Amino acid sequence: MELYLVIGVLGLVTGFLSGLLGIGGGIIMAPLLLYVPPLVGLKPLTMQCVAGLTIVQGLASCLSGAFVHKRMRFVSNQLSICMGSAIFLFAVIGGAGSKFVSNTLLLFIFACLAFTASICMLLPVSHDIEMPNVSGLEFSRFRALTTASGVGLLGGLVGQGGSFILIPLMTSYVQIPTRIAIGTNLAIVLLSSIAGFIGKSLTGQIEWLLTIPIILTVMPAAAMGGLVSCKVSIIHLRRLLAILIAMAAFRTWISLLC
């Protein structure tokens with residue numbers, strides 16, 4: 001029972017941050033599931049179990065968060081389909097080709113890209129506004145496709161989603177307003193989470209009983225995070241994203257050095 005309570009609390013935290021910042025939450029949930037249970041005297045979860053629970057958490061938070069951001073008119077259907085299909089396809093290609101490339105080199109590139117992305121979130125962008133109009137959104141399909149393809153390929157090669165890198169690239173390179181980038185990223189991650197969920201469920205990699213506290217806490221927390229996100233200024237949202245992305249980069253550097 002204590003483990004269910006711990007997982008539920010972690011679900012509240014990661015779900016809220018997912019809805020608030022438009023990320024799947026895997027970069028937060030995975031390390032918390034690995035390290036928090038032993039800290040409170042519980043049996044450690046296996047990496048396979050953590051991976052399965054993280055997929056469920058990402059699916060639940062993106063579904064709930066994307067719904068709220070969609071209601072607030074911060075989700076672009078065209079951008080979601082364009083980038084979502086590309087990142088899905090190239091993640092599959094990257095995953096299949098990962099055995100042919102040095103994982104250390106790829107992790108180094110991934111860490112450098114994440115660190116650069118965190119810096120990008122601290123830089124002001126001229127096209128950004130507090131309340132953008134998604135119906136009038138215009139973007140370069142070439143830039144959107146190349147961005148999603150690159151992140152999907154690299155993420156598939158190193159075995160990480162990489163969706164948290166999408167938002168900085170969307171706001172700086174594709175020139176999407178921050179709020180639409182946050183909302184649309186949830187829809188994009190939702191597509192990849194569905195694929196991951198199907199794969200892990202069919203191969204028996206999900207501890208179904210442990211998903212109950214995740215679903216019960218993540219979905220309302222993500223919805224609340226989405227509502228709060230619409231009230232927080234884009235400057236503060238970008239700063240929070242910069243911190244989380246920098247933490248992900250730091251984690252990758254640690255895994256390289258250890």
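Glycine too: its Cβ is placed from the backbone N, Cα and C atoms.
TrEMBL annotations:
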TRANSMEM  6-36  transmembrane segment
TRANSMEM  48-68  transmembrane segment
TRANSMEM  74-93  transmembrane segment
TRANSMEM  105-125  transmembrane segment
TRANSMEM  145-168  transmembrane segment
TRANSMEM  180-202  transmembrane segment
TRANSMEM  208-228  transmembrane segment
TRANSMEM  240-257  transmembrane segment
Feature contact check the transmembrane segment (240-257) with the transmembrane segment (6-36), CB under 8 Å, 3 or more pairs:
yes
Top partner of the transmembrane segment (180-202) among 48-68, 105-125, 208-228 - counted as Cβ pairs under 8 Å:
48-68
Which sequence-distant residues neighbour the transmembrane segment (74-93)? Criterion: at least 6 residues beyond either end, Cβ under 8 Å.
66, 132, 134, 137, 139, 141, 144-145, 147-153, 155-156, 163, 166, 170, 176, 179-180, 182-184, 186-188, 190-192, 195, 230
